[in-house]
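A quick write-up on the structure given underneath.
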Amino acid sequence: MRHQPLHKKSQNLIPSDLSAEIQSLSNGWVSDIRSTGPVLATDTPRVIRDASEELFVPAMPRSTQRWLNLTVLLWVVLVICFVVWWFKPEHVGTTTGLVLNSAVASFILLLPIAFVSRIRSIRRINPDVPLPDSRVAMVTTRAPSEPFSEVQPTLEAMLNQHYKADYDVWLCDESPTEEISDWCEANGVYLSTRFEDEDYHRSSWPRRTRCKEGNLAYFYDNHGYANYDIVAQFDCDHIPEPDYLEAILRPFSDPNVGYVAAPSMCDLNRKDSWSARGRLYAEAMIHGPHQSAHNGGLTPTCIGSHYAVRTADLAKAGGIGPELAEDFSTSYVIRLTGADGAFAVDAKAHGQGPSTFAAMVTQEFQWCRSLTVLLFTLVGRTLNVYRPRLKFRFLFALLVMPAMGMMTGAGFLIAPLAVVFDKQWMSMNILDFFIFTTVVSLPLVGMLLILKKAGLLRPNDIPVVNWESGLFQLVRWPYVVRGFFAGLRQVIFRKEVHFKVTPKGDLGIQPISMNVMLPYHFLTAAMVVIGLWGLIDHRSPGYAGLTLLGGLIYGFVCFIVPWMHFCELPSANTTFMERLRAVAFPLLAGIIMFLASVFALALYAAIFFGGYQWIW
């Protein structure tokens with residue numbers, strides 16, 4: 001059901017003094033603006049509030065929670081056993097090696113603590129809480145590069161919500177065509193566009209050009225703040241389920257809630273892209289139980305694909321946050337006003353994941369760069385507003401991605417470094433190590449199975465054990481690390497960058513560039529050469545074998561990524577040779593690297609285990 005309100009325009013539209021304009025919009029909570037975000041007024045008292053406990057209920061029955069607690073206990077016991085085994089005196093090779101290996105092993109083994117420590121706090125929104133009596137809008141955005149065929153299903157789903165009260169639907173279009181305008185008018189969709197409005201095409205925040213923040217800023221300044229209490233906003237390809245609006249509005253019945261996050265499920269093209277499946281499977285726990293465990297004061301954070309805001313709190317924060325990661329920054333600046341966030345695990349919308357490997361690693365690079373910029377700018381100068389628990393929560397959210405990238409890379413580089421410096425970092429049976437780490441991981445798999453049975457993973461139909469998420473973790477870290485250092489460079493040199501929009505729709509035959517594969521070719525070649533050097537020159541022979549094993553892993557990556565790209569290319573209206581040409585050079589290079597790594601490891605096995613000393 002919808003209504004036709006008398007749309008008033010907010011009065012904060014004159015861009016002559018943008019800083020004063022944002023200050024007025026925030027009612028004095030923001031004293032100034034920088035390209036990196038709002039500057040907080042120091043003379044305004046800030047009380048960081050938490051959402052009411054009555055807003056939440058346990059997400060699982062007690063019996064399921066007990067099984068989950070037992071699994072956690074088993075994991076803790078196994079971790080303790082591993083630590084005792086790891087630090088046996090006979091396992092220590094050198095002090096440096098012990099420190100390096102322990103740092104990597106500790107990070108990988110103990111990372112689940114971030115979730116395990118909150119395992120008893122997994123809560124969902126109380127379904128008995130009444131819906132707020134509010135003026136509501138649903139909004140989606142479209143860039144010129146995004147075809148309307150991708151937006152139309154989203155708008156249709158927004159128009160057909162089961163919500164019984166009145167609400168409006170808006171399209172924020174960067175450059176609407178006559179066809180789009182006619183469709184919107186015929187279907188009762190309001191149209192907002194900043195087209196040719198120079199005030200909303202600035203080179204930096206706020207109202208940034210070629211950026212979702214600037215598009216939405218125009219909507220909020222002209223329509224949102226004056227006409228609506230709550231706005232649910234979507235990426236153009238995220239299609240909400242019929243019960244979405246009710247699910248995401250319910251937490252706003254608590255006046256302490258300023259925004260509501262929801263699970264980001266990019267699963268519409270999962271059958272067509274292993275890259276989409278890899279991220280989807282790897283992050284299903286994050287978008288369900290992990291976020292739900294932060295309900296009630298520990299601040300879930302918004303995911304950019306869709307979330308909802310209370311417009312009064314958004315205005316007080318100075319508007320949509322800066323950077324490509326405007327989802328995180330918007331959560332952060334609203335929390336700075338004192339309002340809490342909530343996570344509605346049942347507010348489901350389905351979007352598209354990366355259609356190609358190149359799109360996926362580009363997203364990883366851009367997200368890490370953006371989060372790094374936020375860490376050293378907006379967050380760095382405002383974090384002292386929060387109590388220690390929230391400080392840790394936000395720092396962890398910003399640091400976990402680059403830390404995972406660096407630790408994964410370090411895990412693969414420790415063995416080659418041992419060969420280069422001819423050091424025996426650790427002295428242990430490698431088979432025992434692999435068996436022990438596998439056993440320690442089994443309770444974590446059990447936790448996922450329990451959470452899946454409880455219907456809490458998002459999406460919940462993922463295979464808990466799969467190859468795609470493993471390959472995803474193997475290939476993402478070089479681009480994550482690169483994104484971290486690119487973010488540092490952007491902060492140090494204050495360089496403005498342009499964000500790349502992920503291509504959507506029917507893209508036809510997309511070739512895979514050799515450039516995107518170069519990090520894995522470099523890793524493979526380096527590890528094969530170093531491993532063979534260690535074998536021939538008797539330099540840390542055990543670590544030489546591990547180095548060659550790492551070379552085999554990335555040799556396989558060099559082959560499987562272009563091969564999967566070839567398999568996923570659309571076959572309709574294309575020939576076999578057209579598809580082959582799109583991957584020919586990277587695929588051939590990948591086959592060569594894979595065969596070279598297989599040969600090198602086979603040679604190592606023949607010499608080290610077979611005793612063929614005659615080879616040299």
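Cβ from N, Cα, C; glycine included.
Not measured: the values here are computed from a predicted model.
Summarising the annotation, TrEMBL assigns transmembrane segment to 67-87, 99-116, 394-421, 433-451, 518-536, 542-566, 587-615.
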Given the transmembrane segment (433-451), which of the listed stretches 67-87, 394-421, 542-566 has the most Cβ pairs that are under 8 Å apart from it?
67-87
In terms of Cβ proximity under 8 Å, which residues at least six beyond the ends of the transmembrane segment (518-536) contact it?
412, 415-416, 419-420, 475, 478-479, 543-545, 547-548, 550-551, 554-555, 557-558, 561, 589, 593, 596-597, 600-601, 603-604, 607-608, 616
Within-chain partners of the transmembrane segment (394-421) [C-beta distance under 8 Å, separation at least 6 from its ends]:
97, 100-101, 103-104, 107-108, 111, 114, 299, 301, 328, 332, 367-368, 371-372, 374-375, 379, 383, 386, 473, 476-478, 480-481, 483-484, 523, 526-527, 530-531, 533-534, 539-540, 543-544, 546-547, 550, 554
